[in-house]
Amino acid sequence: MGKVLAAALVGIAAALAAERLLAFRNRLNATREVDPVALPNCHLIKGIETGSEDIDILPNGLAFISSGLKYPGLKSFAPDKPGEIFLMDLNEKKPKASELRISRGFDLGSFNPHGISTYIDKDDTVYLFVVNHPHQKSTVELFKFMEDDNSLVHLKTIRHDLLTSVNDVVAVGPDSFYATNDHYFSDFILMFLEMYLGLTWSNVVYYSPKEVKEVAAGFYSANGINISPDKKYIYIADILDHNVHVMEKHADWNLTHVKTLQLDTLADNLSVDPDTGDIWTGCHPNGMKLFYDDPDNPPASEVLRIQNILAEQPTVTRVYAENGSVLQGTSVATVYDGKLLIGTVFHRALYCEL
């Protein structure tokens, strides 16, 4: 009888493991191959070789680009090189990326930038919020942008017990923001188990100097976050659930769910066109390829444009897609005045004229 019970338990465990593995592969779109969608006027941006994970463009056409992310489980072309913030002026006829100098006193050696967001104060001061992972921890670094000499002045490092595994931020004040925690755990092994078991423990946190609180929860992996032009709605990409959530923002900074737009790809960062309200997102058609370092089968790239997301049937357009031969692992796409920038987790960046 004992052997029968043991065999039954082993069988149940094996069945559960197989079911979890299948679900995990489905969340990563492990079998999907991308159908190419070409853009005619594109070229790789010189000088960006080790990632362009997030991009934020000011209303005047200055684009900030975070580069050099080292993320657990993902490859890096320069694992020992500190991260950087690049700047591009999209008003120039042939825009170039230049590294921004960061003020003394900031620990550049452990700089590991992830998601970014800008905020323009009433006095026109530009603040740059940067998710940072020094020594695989999570902080949010607050900088002031000095346009006269193209530099960043570090103002403060933000840490909090609720900011455990920060992926992206959207600034809503000179020292306040919403942040996504893409995992509950920060240890890589526990993060992997969290994904494998399909735990929906990821969340969104509101931070200000006076109040820090969870405002949304129940995500597989909350990733990109942004705000509508009228400041009424917060958009959140759940990369492992293949969707974008629309949340209404209230006066007390709490969020309530409005709707969810389901996609067939892994949406990463979200950018919002301030003129049209369209959402642009860099996507991973097959997330499994991100975790395998196979030069013969690299992670593909995909860019979606979402129009009228509040409508009953929003319009979703595949603007760009390719198999990784040009651009590997697209994480962001954003537009300015007919120009499109496409960034990646650890690879190059693309400039296109639409």
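Cβ coordinates come from backbone N, Cα and C, glycine included.
Those TrEMBL annotations? Automatic predictions, nothing curated.
Owing to the predicted nature of the structure, the values given are computational and were not obtained by experimental measurement.
Annotation comment: TrEMBL describes 1-17 as signal peptide.
The feature disulfide bond is assigned by TrEMBL to C42-C352. Contacts of C352 (disulfide bond) defined by a Cβ separation under 8 A and a same-chain sequence distance of 6+ are given as L39, N41, C42, Y320, K339, L340, L341, I342, in order along the sequence.
Look at TrEMBL and you will find E53, I116, N167, D168, N223, D268, N269 tagged as Ca(2+) 1 binding site.
Here TrEMBL flags D54 as Ca(2+) 2 binding site. Sequence-distant contacts of D54 (Ca(2+) 2 binding site), defined as residues of its own chain at least six apart whose C-beta falls under 8 angstroms from its C-beta, comprise I65, S66, P113, H114, G115, I116, D168, N269, S331, V332, G343.
Annotation source TrEMBL lists active site, proton acceptor at H114.
Positions annotated as N-linked glycosylation site by TrEMBL: N269 (among others).
Non-local contacts of N323 (N-linked glycosylation site) by the CB criterion (under 8 A, 6+ apart in sequence, same chain) comprise E33, V34, P36, P298, A300. Taken from TrEMBL, the feature N-linked glycosylation site applies to N323 (among others).
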- prompt: Of all the binding-site residues given, N223, N269, which residue's CB has the most CB neighbours within 10 A?
  reply: N269
- prompt: What are the non-local neighbours of N167 (Ca(2+) 1 binding site), defined as same-chain residues 6+ apart in sequence with CB under 8 A from its CB?
  reply: H114, G115, V131, A179, T180, N181, D182, S221, A222, N223, G224
Cβ-centroid neighbours of Ca(2+) 1 site E53, I116, N167, D168, N223, D268, N269, 8 Å, sequence order: D54, H114, G115, V131, T180, G224, I225, S331, V332
- prompt: Over all shown protein chains, what is the count of other CB atoms within 10 A of the CB belonging to D168 (Ca(2+) 1 binding site)?
  reply: 31
